[in-house]
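Engineer: Let me give you the structure first, and then I'll get to my questions.
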Amino acid sequence: MKSLTTSSLLQHLRCSQCGKTYSPFDLQTLSICCQAPLLCEYDLDRQLVSRDSLPGQVNSLWRYENVLPVFQAQNRVSLSEGFTPLLPLRRLAGRTGLQHLSLKDEGLNPTGSFKARGLSLAVSKAKENGVEACIIPTAGNAGVAMAAYCARAGLEAVVVMPQHTPDAFKEECRAYNARLVLVDGLINDCAAKVQQMNQENRYFDVSTLKEPYRLEGKKTMGYEMAEQLNWQLPDVILYPTGGGTGLIGIWKAFYEMQALGWLSADQKFPRMVAVQAENCRPIVDTFLGKQANSKTYVGKPTLANGLAVPRPIGEPLMLKVLRESAGTAVAVSEDEMIEGVSQLSAEEGIFAAPEGGAIWVATQKLLRQGWIRSDEHVLLLNTGSGQKYLDNLKGKWQLK
Ligand SMILES: *Cc1c(COP(=O)(O)O)cnc(C)c1O
Ligand SMILES: [Zn+2]
């Protein structure tokens, strides 16, 4: 096959803790120096890429190929992820007195969640680096997405998921011919199982942030919202936070776009809000000073299974984003997130995942507290579709 070089500007990977650089041409996991996440750095200073060239690009996250890490076009493993709509929420805005409320609907991605963005990139780079089998500890959506992209790439897939995850997640993995391993516990217990199963390194582990490229897929949400809003960023972004890849990635995208000259020099960056479930709120507790960090945090399962990440490796990076952006962190109860899903569905026709319901409830809390002002532009990231959660949601709607 003729190999076509992409216009990726990837220069090197950098240890997020000490700054040491690593080759972008080798298979990488955590940094060897600090066992910390590695972040991609691109040659952005040249300002060679103009945002004006974007309208002619493909309608998927691959329109930003200059700032993505894949070097050879034939290694792209794509199901047309990204390029999701940004919808105004006029009825909910009117009800709450917000003047400018919008939602980016990530439920429309392949496999029904924004995990498709990250796993498209991770599996593409795995393929580029000669990997033949991938393994993942997951709360649900990431495993489904990995299984789909591995199927598309012809790679072997092993998905390790909590036993209590709704059946829809399990069946979809099986449909993609992934090997499904069920564990009694949360995602950290699944990660321990992955370690144990993979002592001989037969599989490449694509855990969030232990693998450098999922972050690069998720950062494209930041690029898209900027492009969709004609390069004017919102004032506040609410993000349902588990491992934190999206939160960290979107923030990274803002700096990259500034370096590229795609954002004006005086563009203020949004305040970033991490929304978690009361049942598993490690970032909220650390942010509020209730604990030094989440290294011994014990969480419980939640309907919003994407948020059930009790000891996220990306915690220091997430806290940095919250502090640098003058953001905050909010926890939402199980009943509240169902109410949030109900309102998004009944008032706007958007059948959000419980994670999406959670951020709408958090918005209303912050508005009541005066932390969000009614004249600010608030952007919600609905990270998944409600369809896979029906086992847990059925019968919970208010009858009319
Ligand atoms: C994984 C997931 C999240 C959390 O995403 P992180 O980037 O890990 O913080 C939120 N919502 C849904 C639907 C998810 O699947
Ligand atoms: Zn280091």
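Glycine too: its Cβ is placed from the backbone N, Cα and C atoms.
Annotation comment: TrEMBL describes 77-384 as domain 'Tryptophan synthase beta chain-like PALP'. TrEMBL lists Lys115 with the feature N6-(pyridoxal phosphate)lysine.
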Engineer: With an 8 Å cut-off on Cβ-Cβ distance and a minimum sequence separation of at least 6, pull the same-chain contacts of the residue listed as 'N6-(pyridoxal phosphate)lysine', or say none.
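Structural biologist: Listed in sequence order: Asn109, Asn141, Ala142, Val144, Ala145, Met146, Gly384.
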Engineer: According to DSSP, does the residue listed as 'N6-(pyridoxal phosphate)lysine' fall in a helix, a strand, or coil?
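Structural biologist: Reduced to three states, the DSSP call for the residue listed as 'N6-(pyridoxal phosphate)lysine' is helix.
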Engineer: Please give the average pLDDT for the domain 'Tryptophan synthase beta chain-like PALP' (77-384) in this predicted model.
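Structural biologist: For the domain 'Tryptophan synthase beta chain-like PALP' (77-384), the model's average pLDDT rounds to 97.
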